[in-house]
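Enquirer: This structure is in structure tokens; I'll ask about it shortly.
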Amino acid sequence: LQQELRDAGRVLGPCPESPRAPLAREALRVQEQSEQLAQELREVSRNRASLRGRLRELRQYLHVLREGQRFTSLPAPLGSPPRPRALSEREPILDPSLHQHLDRKINFVAGVIHPWRVSAFERLLWRACRGYLVASFVEMPEPMEDPATGESITWVIFLISYWGEQIGQKIRKISDCFHCQVYPYPESEASRVDTMSGLHSQIQDLSVVLEETEQYLAQVLDKVVLALPTWRVQVQKMKAIYLVLNQCSFDVTEKCLIAEVWCPVRDLTQVQDALRQGSYKSGSSVECFVQCIPTSESPPTLIRTNKFTAGFQSIVDAYGVASYQEVNPAPYAIITFPFIFAIMFGDVGHGLLMFLFALWMVLYENSPSLRQASNEIWLTFFEGRYLILLMGAFSIYTGFIYNECFSKATVIFPSAWSVATMANHSSWSSDYLATHPSLTLDPNVTGVFQGPYPFGIDPIWSLATNHLNFLNSFKMKMSVVLGIVHMGFGIMLGIFNHVHFRQRHRLVLEFLPEMVFLLALFGYLVFLIFYKWIKFSAADSMVAPSILIHFIDMFLFTSNAGNLPLYRGQVPVQTALVVLALASVPVLLLGTPLYLCCRRRAQRMGGPAVRLASRRGGSAGGVQQGLTASTVPMQLAAVGEQEPLLEGQEAGNSVNATKEDVESGGHSPDAEVRDTGPV
């Protein structure tokens, strides 16, 4: 049914209401009605296709007869004098070899051919028949549908005149090989006129029948458009119900079903109400109920999202899903991801285009044509419309900082550089200006540089020859600073996980080495950037050392006499930082594995870890005993104070809801984590 609607260009609207899942007898009725409509559509579509094909053939045949008249009906005009011909006294009036051919009849083969095959068809006819034919080709006056592709093309009509039966057989075989549609061509003109009149009447009758068939098909499609949305929702609900039922298990009496599921604590009341309503509507004598059971399994992860946060959560999930009760970084990525993009893509014009495009998708997000589009690329853009909106907004902001609009600078405030002051100080003459196309503005001259620009980059830099050097250096340093701050923030989030799960060894063996490595190398680089900005000004810019050379010498343990140190004792400090960074690498790579290995070895040898394992085993045994002896229709397993999820997912898989904002779970330092325990 959906395929027929797509072929007819009909758009299937949303379901006007939310129908309940049908019962078994109602499902049979839906199946019967849908099969009846599908069979009716197949028959009507088959009849329409047959009528269209027959009508196309009749029209092609009519055009073949009309155009063939141009080649076969060429009488000489009345009263036209014969062409003079110089004859010799001994030359016969007729060639003796022509007498034996005068009694032979001229035959015709007429039809239509695809325009792409005309040249090859003509060459093959000429070579196969050795030129003993006369072939004429002309385009059809109106385009017609190609039955193979469904496209409208202009067919080519051909008329071939020949003598002999063998040549006629060759022509027909070649026509079949080129998929030509061959039609009978009457020999006499009177027969052709009678055939054309008959074709006219048949075309008119078929057109009337085809129009009635189209109207009937439209009526059937209207029925499908009205019924199909409701049927789809009902079938999807039935599939979901039977999927859950297939995952349930029978009890020992085989009279009730038991389902073990993960359920968020806040949704327990809704589950109980739904089971109570289901028992009442089904007329069951035994009411369904929920029993919470303890378990030692790790719950899956539930992250509630809405239409705004779903796109950002998908990006985070692409890198990895947070385990149960871990910090969810998606709320922070809502700001950091678009902003870091804008640092690389800072342009007011391009950012405005992105912002307007995303704003259009946001304003018309409820439009059925946008939501029901089948193009995969378009759906990717539409699902990330809020992400694109923020990316465009941040790009506009960083574009104002870079003072770039479609790669051109804009003058919002007056420039802080004074060319007139520099000209008066240097006494530039006309001859000097003629021989020096580039002029240097010295900020050390009083009045040339009047202070920083109010916001962003001064537009006069777009006219400078060292514009790229200055702007690239500015962007690179800003990207390094913000990137390292972002990385440090991500490492700091790990503290909440380590404290919450009481994994103090990870604070020492993972967090500290990571921070030491990051700060000793890249944090020191940020310090050098700010230190150079503060210490050196335009007055001593010629002697300012290069941070890049210092950073390279730091790893090579070398010094460069031409590159002055930034501060006293720089070499020992850099050496100590590199040694600290290198020392943190083996701790980071081997610390946690060695600690876990030692702890497992201690568990085998006996000790507190063994007693802890036995206590867990006792809890697990209690769970198994409760599951075996229970006869309740449905049970619920949950752990801790946070929200467990549906058991249909493994631990660590993300289930996205659409009604609430993203939640990262409780991460208070005094949160209690229990291996087992009821909700």
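Including glycine, each Cβ sits where the backbone N, Cα and C put it.
Because TrEMBL annotations are produced automatically, they should be read as predictions rather than curated entries.
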Enquirer: Would you mind telling me which of 1-22, 67-88, 265-286 TrEMBL tags as region 'Disordered'?
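Expert: Within the set 1-22, 67-88, 265-286, TrEMBL attaches region 'Disordered' to 1-22.
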Enquirer: Which one of 120-139, 240-259, 480-499 shows up in TrEMBL as transmembrane segment?
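Expert: The listed stretch tagged transmembrane segment in TrEMBL is 480-499.
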Enquirer: For the transmembrane segment (339-364), could you work out the same-chain residues 6 or more beyond its ends whose Cβ comes under 8 Å from its Cβ atoms?
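Expert: 370, 381-382, 385-386, 388-389, 391-402, 404-407, 410, 475, 478-479, 482-483, 486.
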Enquirer: Using a Cβ cut-off under 8 Å, which residues of the same chain at least 6 positions beyond either end of the coiled coil (23-61) come close to it?
Expert: 1, 4, 7, 112, 140, 144-145, 147, 155, 181, 183, 199, 202-203, 206-207, 209-210, 213-214, 216-217, 220-221, 223-224, 227, 231, 234-235, 238
Enquirer: Would you list the DSSP helix, strand and coil counts for the residues of the region 'Disordered' (1-22)?
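Expert: Breakdown, helix to coil: 6 helix, 0 strand, 16 coil.
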Enquirer: Cβ under 8 Å to the transmembrane segment (480-499), counting only same-chain residues 6 or more beyond its ends: which ones?
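Expert: Here the qualifying positions are 326-327, 329, 332, 336, 339-340, 343, 506-507, 510-511, 514-515, 518-519, 522-523, 525-526, 529, 667, 669.
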Enquirer: Can you work out the mean pLDDT of the predicted model over the coiled coil (23-61)?
Expert: 89
